[in-house]
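Some features that TrEMBL has for this protein:
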type	residues	note
COMPBIAS	109-120	compositional bias 'Pro residues'
COMPBIAS	121-130	compositional bias 'Acidic residues'
REGION	102-130	region 'Disordered'
SIGNAL	1-20	signal peptide
Amino acid sequence: MKRIPALILAACLMSPPAYAQEAEKDESDSLMKRGAEMFLRGLMDELDPAMRELEDLAGEMEPALRSFGEEMGPALRDLMGQVQDWSRYEPPEMLPNGDIILRRKPEAPDLPAPLTPPELDPPEEGEIDL
């Protein structure tokens with residue numbers, strides 16, 4: 001019977017150091033969290049003007065890019081259909097007269113032969129070729 005009060009007293013005396021350790025850990029976690037928040041907030045404050053300028057620039061360029069897409073879209077689509085593997089070509093070059101050329105790389109494999117319709121026998125006499 002005397003052991004129970006002694007055990008309760010010992011438990012009560014041991015608990016404050018345990019709480020102190022937890023409080024130190026919580027405090028260090030909150031300091032790290034606050035430091036990270038302060039760092040990120042400062043970074044956001046520094047980047048805010050640059051992001052606003054970028055947004056303004058994008059707004060100014062939008063009409064020009066839309067116009068470019070409307071005018072050049074069909075031509076680029078046709079070019080993409082004709083050129084199947086861009087890795088076979090050198091970067092585009094502009095000639096003095098303004099022409100733009102795409103040269104094939106010397107090590108590029110040969111192009112497959114274009115499909116040709118099979119040759120037909122000439123129509124026999126009296127037949128009509130349609």
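The backbone N, Cα and C atoms fix where each Cβ goes, and this holds for glycine too.
Per-class residue totals from DSSP over the compositional bias 'Pro residues' (109-120), listed helix then strand then coil: 0 helix, 0 strand, 12 coil.
The residues of the compositional bias 'Acidic residues' (121-130), classed with DSSP into helix (H, G, I), strand (E, B) and coil, number 0 helix, 0 strand, 10 coil.
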